[in-house]
Amino acid sequence: MKFQWRSFGYKSKVVVLCSVANFINAADRVLMPLAIIPMTYEYKWSLYWQGWILSAFAFGYFTSQIIGANAVNTYGGRRVLCFAVLLWSLSTVLTPLAAASLPALISARVILGLGEGLGLPTIFQLFAQHVPAEERSRAFGYMVAAGSVGQTFASLFVPHIDWRISFEIFGFLGLIWVVCWLLTYHDPPILADEEGQQLLENKEMMCVTWTEWIRHWSLWSIYIAHFAMNWSNYIIMQWLPTYLSRTLGANKESMSLTAVPYIISSLCGVVWGHVADQLVAVGWPVLRVRRLMTFFGLMGPGLCLALFPEVSNLVVAVLVISMAMGLCAANSAGHLSNHADVAPNHAGITFAISNTIVS
């Protein structure tokens, strides 16, 4: 059966292209941590400058999230996301050229952070505007899963090619995405069906003061859940390879097993999204579904991490972490989707604040 992109509904195109953007986002983010070893060998950087190169990303990332989320309401999600992907893709493509100069390379890293900081808040706002509540869980599931796949793909692919080629491949992939985005969408979009009419009605914005984002417990519950999710993930991402190597004796070949938890997380994220949307479709209140998914997404990994130190077998250790990541993926249908439920006109802003707090 021939693939027909034009036959896709408006919201389906938004979900597909935003998921691909998050794939590129996640892949570009891990390129430098993977490439810095051969780059250091070539350019003889000290640990001091390696730290500056790696941390420069954060300066751009933290400063652009809230600003970018606010820009969505002014310039529209399509323009802001297009600018974001263009910005981080150009910085990625130009990284090999900038590598010979530390100031230029650090600047490129800051620009990468600026672009990627704009990305996710904009995607959250687009999903809030374009995807109805009964389909939102799987939309976020696909988007988050795409990010995990991007990170895993880059981690497996980059070590086997020249570091310059890896930056060029993923950078040009982002530029191709920008072209597809511009060819697919026009601002304003021409919408004639019932779905399009609903979209236009939902674009009506409300004036909200900034103090509203920090004075409601419903938002703080989302922020706290996001904090718990992120830091359990950080522990796994940063320490799993070291723990498997030093404590459980994993060799170089066995370290490829660290990709398994991320593959499981991607698959489970999609499954949790479909389960959550099915519960909403059969009559469950949206809030109850969000709470249930968040419960699984936080309690499950917490129990797995608490039991993890008792594991002495490498394969069992990978299985336990895979279970933790699979359960953690339920958060995409839980508190992550909840941004679009509690603040549909400002989901990008609430996510930006949440992501800034937890980072």
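Heads up, the Cβ atoms here are built off N, Cα and C, so glycines get one too.
Pulled from TrEMBL, these are the features on record:
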DOMAIN    14-359  domain 'Major facilitator superfamily (MFS) profile'
TRANSMEM  50-68  transmembrane segment
TRANSMEM  80-100  transmembrane segment
TRANSMEM  106-127  transmembrane segment
TRANSMEM  139-159  transmembrane segment
TRANSMEM  165-184  transmembrane segment
TRANSMEM  220-240  transmembrane segment
TRANSMEM  260-280  transmembrane segment
TRANSMEM  292-308  transmembrane segment
TRANSMEM  314-333  transmembrane segment
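When each of 139-159, 165-184, 292-308, 314-333 is scored by its Cβ pairs under 8 Å to the transmembrane segment (80-100), the top-ranked stretch turns out to be 165-184.
By the Cβ criterion (distance under 8 Å, sequence gap of 6 or more), the transmembrane segment (314-333) is not counted as touching the transmembrane segment (165-184), fewer than 3 such pairs being found. Note on the transmembrane segment (260-280): residues 133-142, 144-146, 148-149, 151-152, 155, 236, 240, 286, 289-290, 292-293, 296-297, 318, 321-330, 332-334, 337 of its chain, located 6 or more positions outside it, place their CB under 8 angstroms from a CB of the stretch.
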